[in-house]
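Worksheet: the structure to be examined is printed underneath.
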Amino acid sequence: MKKTIKTKGMHCPSCEILLREAIEEAGINVISANHAKNEIVVDVKDESALSTAKKAIEKEGYKIA
Amino acid sequence: MTHTLQIPIRNVSCEACTIVIGRMLNKFPRARVESISPDARTLTITCEEKDVSAIKDKLREYNYLNEERSAKEHVWFVLERIIGNKKGFEGEHTILTQTLGVMAILVAVLGALYYTIIPATPYTERILPILALVPIGIALNAGALAHIKQVRAHFTCSNGMMAGMIIGMIAGFLAGAIAGATNGMFVGSLVGMVIGMGVSAWVLRTNGIMSVLEGLMAGLMSGTMGAMLSVMMLLDHLVEFLYILFGVGALILAGMSYFMIKEVGPIQSEKKVSFATMTMVSILVLVAIIAVIFWGPKSSFTLGGFS
């Protein structure tokens with residue numbers, strides 16, 4: 001299922017790359033990352049995968065809005 | 001054997017950029033960052049000779065590689081990558097092939113309409129030379145709109161305003177010119193305005209009221225001007241001029257796509273426009289315009305004749 005994660009702290013395309021790679025390394029498919037909207041759209045199977053994606057974001061020093 | 005080299009870079013402005021470059025280099029054995037200087041716009045790395053090309057490709061993919069190209073060289077660079085379906089430009093390549101596909105289908109639909117329901121009258125014979133422009137114009141605008149839809153999330157306010165005004169102006173102008181030539185100034189202006197204003201407003205709907213008003217003005221002016229131009233040229237090489245007009249319009253739409261690539265980069269959106277959607281919407285617009293041309297009200301002074 002497609003889920004949108006609202007983040008805090010993304011300000012340039014590098015942040016998008018950074019978070020995209022971090023989430024994908026955690027095994028979650030990223031559909032899009034948009035620093036202008038401060039959001040990442042992921043394709044997850046359940047809430048546990050969503051939580052994994054959020055943890056990967058926080059591990060990179062960004063916050064979940 | 002490793003060696004150290006300096007690579008010109010751009011768009012490196014923060015810690016995240018530095019981390020991305022560092023991690024990217026980590027994927028190459030024996031490659032490492034020696035220094036990154038955002039001010040001097042240089043990246044100094046040590047790596048194996050065989051990896052240099054792959055590292056530059058990766059930097060290019062992330063839009064960090066500062067390739068000093070003239071404006072003309074950059075246009076050809078982008079064009080070559082789109083036509084060749086090269087990495088990073090697959091979205092634009094898809095739009096290009098979809099646009100050509102839609103154009104072919106619209107020509108086939110027009111042909112089917114011509115041999116079935118379009119009345120075989122002297123009026124039809126006289127306007128036949130410009131009928132071919134209708135599917136071409138619709139397909140070009142459909143392609144441009146599909147491109148806008150897939151990059152609009154990354155637009156700044158001024159990017160959006162520029163794209164919205166260009167597409168609204170071209171769509172309104174071309175539609176107004178065709179309907180003006182076949183139906184006269186009144187119907188031509190209405191068709192041009194509806195299409196120009198509608199397209200602009202759709203593109204600019206999320207850009208704020210100022211942009212929407214700019215778009216509506218662009219549609220209003222282009223729609224009426226397209227019809228006016230056709231009516232004024234009825235006795236002066238109108239058919240030839242419409243072909244030139246559509247050619248110039250196509251070049252401007254291509255220029256708009258290049259402008260969007262230059263401003264916001266290649267398409268990365270998940271909002272793909274399906275070929276089926278593009279085709280169905282285009283067929284509906286074609287049928288509506290054909291209906292207006294053949295069954296809509298006409299003035300006494302059109303390309304189809306005078307009464």
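A Cβ is built for glycine as well, from the same backbone N, Cα and C atoms used for every other residue.
Positions annotated as transmembrane segment by TrEMBL: B:95-115 (among others).
Residues annotated as transmembrane segment in TrEMBL: B:127-148 (among others). Cβ atoms under 8 Å from those of the transmembrane segment (B:127-148) belong to residues 92, 95-96, 98-100, 102-103, 106-107, 109-110, 114, 163-164, 167, 170-171, 174-175, 178, 181-182, 199, 203, 239, 242-243, 246, 249-250, 253, 256-257, 260, 267, 273, 278, 281-282, 285-286, 289-290, 293, 303-304 of the same chain, restricted to positions at least 6 beyond its ends.
For B:160-179 (among others), the entry in TrEMBL reads transmembrane segment.
Counting residues 6+ beyond its ends, the transmembrane segment (B:185-204) has Cβ neighbours under 8 Å at 141, 145, 148, 152, 160-161, 163-165, 167-169, 171-173, 175-179, 211-212, 214-216, 218-220, 222-228, 230-231, 285, 289, 292, 296-299 in the same chain. Look at TrEMBL and you will find B:185-204 (among others) tagged as transmembrane segment.
What TrEMBL lists as transmembrane segment is B:216-235 (among others).
According to TrEMBL, the feature transmembrane segment maps to B:241-261 (among others).
Taken from TrEMBL, the feature transmembrane segment covers B:273-295 (among others).
The stretch with the most CB contacts under 8 Å to the transmembrane segment (B:273-295), chosen from B:160-179, B:216-235, B:241-261, is B:160-179. Here the transmembrane segment (B:216-235) has long-range neighbours at 164-165, 168-181, 184-185, 187-201, 241-242, 245, 301-303, meaning same-chain residues at least 6 beyond its ends whose C-beta is under 8 angstroms from one of its own. Note on the transmembrane segment (B:160-179): residues 130, 133-134, 137, 141, 144-145, 148, 152, 187-193, 195-197, 199-201, 203-204, 206-207, 210-211, 214-215, 218-230, 242, 245-246, 249, 252-253, 256, 259-260, 289, 292-293, 296 of its chain, located 6 or more positions outside it, place their CB under 8 angstroms from a CB of the stretch.
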